[in-house]
Amino acid sequence: MTWSIRPLTQLVIARLKEFYREPEAVFWVYGFPILMTVALGVAFREQPEQTFRVEVIGSQAEVARTALGQDSRFHLGDSDEEAAKERLRTGRTDLVVTASGTKEFDYLLVPTRPESQLARNEVDLVLQAAAGRVNAAEVTSTELSAPGGRYIDFLVPGLLGMGLMGGGLWGLGFVVVDMRLRKLLKRFLATPMRKTDFLASLMISRLIFMVPEVLLLLVFAWLVFGVQIAGNLLTVVFFILLGAVSFAGLGLLIACRAKTLETVSGLMNLVMLPMWVLSGIFFSRERFPEFLQPAIRLLPLTALNDALRGVMLEGVGLFSLAHETIVLVLWGVVSFVVALRFFRWH
């Protein structure tokens, strides 16, 4: 099969013009990742001191109030018993302390909420000290402050991976099916253009779309949140391009036979949902059971996120990420070859 450069070039240019003439598409590709970064970065920003909302009730409530009131971390409420329990149930307070004696306290908490458990521990330390308990050992705490240790540092590589996945799957899957519904693919069939040229043009144009998106997000994260890249920038670019190719191939595979937007939408969700949950976009994949880890590591988004975090947070080199590279290459090559084999124009 002869590779035709001219048809490929013309198709790429046409796709680029079509994309940049759609303001909605430009926003979702370039604007939405930045808005999500801002929202999550603000929500999980570094806070100087954690505070707790505590309701104090009981016959000796003033004793507990006096002890806790000396600590600025505790915001004390004065609800009655039923109102205090309701506030705890609905998440408007972290802990309910019942003081039935000068040295008798009962803690009501929600064990599934980390802030409730932490409030219980901190309140207990203060009340125990006020009751006369003396620590058996002198301890000190030193805070580690190093680049790459914040949540926003962990989040940005995950958002990059998520954007590449969405761009490859939704961006290509919907385009192909929409062109099929509008009979554009049927018109292409009447031309001497090969399937290889058409599918390759979609992948190349998607790569071109991704470059400004990724650069914009990285620059924004650096300027606003101080996110640094510990490793080689070229290695980051390599994995971004490799990830874009892998997900573009997967998007073409999903859309190669789909006849309606409803069908391709269902297939996209079926493919993306496991990766949204398992691949560590917003939290570490290590939270899942050990027996699931081998399967999770074979997902393309897992490989991409692990590679980006390895380079950006730990400064890992390319040759140390052989597994991630192989996984992404296999997903991209196999998906494109299968899509080329089963693709139909109408």
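Numbers run from 1 along the shown chain.
Backbone N, Cα and C atoms are what each Cβ position is placed from, and that goes for glycine too.
Annotation source TrEMBL lists transmembrane segment at 25-44 (among others).
The domain 'ABC transmembrane type-2' annotation in TrEMBL covers 116-346.
For the transmembrane segment (154-177), the list of distant contacts is 29, 33, 36-37, 40-41, 44, 185, 202-203, 206, 209-210, 213-214, 217-218, 221, 225, 227, 240, 243-244, 246-252, 254-256, 258-261, 263-265, 267-268, 271-272, 275-276, 279-282, 284, 300-301, 304-305, 308-309, 312-313: same-chain residues at least six beyond its ends, Cβ to Cβ under 8 Å. Residues or ranges marked as transmembrane segment in TrEMBL: 154-177 (among others).
What TrEMBL lists as transmembrane segment is 198-223 (among others). Counting only same-chain residues 6+ beyond the ends of the transmembrane segment (198-223), those with a CB under 8 A from a CB of the stretch are 8, 11-12, 15-16, 19, 29-30, 33-34, 37, 41, 152, 156, 159-160, 163-164, 167-168, 171-172, 175-176, 188, 229, 236, 240-241, 244-245, 248-249, 252, 336, 339-340, 343.
The feature transmembrane segment is assigned by TrEMBL to 229-255 (among others). Residues 147-148, 160-161, 164-165, 167-177, 199, 202-203, 206-207, 210, 214, 218, 264, 267-268, 271, 300, 304, 307-308, 310-318, 321, 324-325, 328-329, 331-336, 338-339, 343 of the same chain lie 6+ residues outside the transmembrane segment (229-255) yet bring a C-beta within less than 8 angstroms of a C-beta in it.
Remote same-chain residues near the transmembrane segment (267-284) are listed as 40, 154-155, 158-159, 161-162, 165-166, 169-170, 173, 250, 254, 258, 292, 296, 299-302, 305-306 (criterion: CB distance under 8 Å, separation of at least six residues from the stretch ends). According to TrEMBL, the transmembrane segment annotation covers 267-284 (among others).
The transmembrane segment feature in TrEMBL is assigned to 321-343 (among others).
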Same-chain Cβ contacts of the transmembrane segment (321-343) under 8 Å, 6 or more residues past its ends? 195-196, 199, 203, 239, 242-243, 245-246, 248-250, 252-253, 255-257, 297-298, 300, 302-304, 306-307, 310-311
Which residues, given as numbers and ranges, are at least 6 beyond the ends of the transmembrane segment (25-44) yet have a Cβ under 8 Å from it? 19, 151-152, 155-156, 159-160, 162-163, 167, 171, 209, 212-213, 216-217, 220-221, 224-225, 282
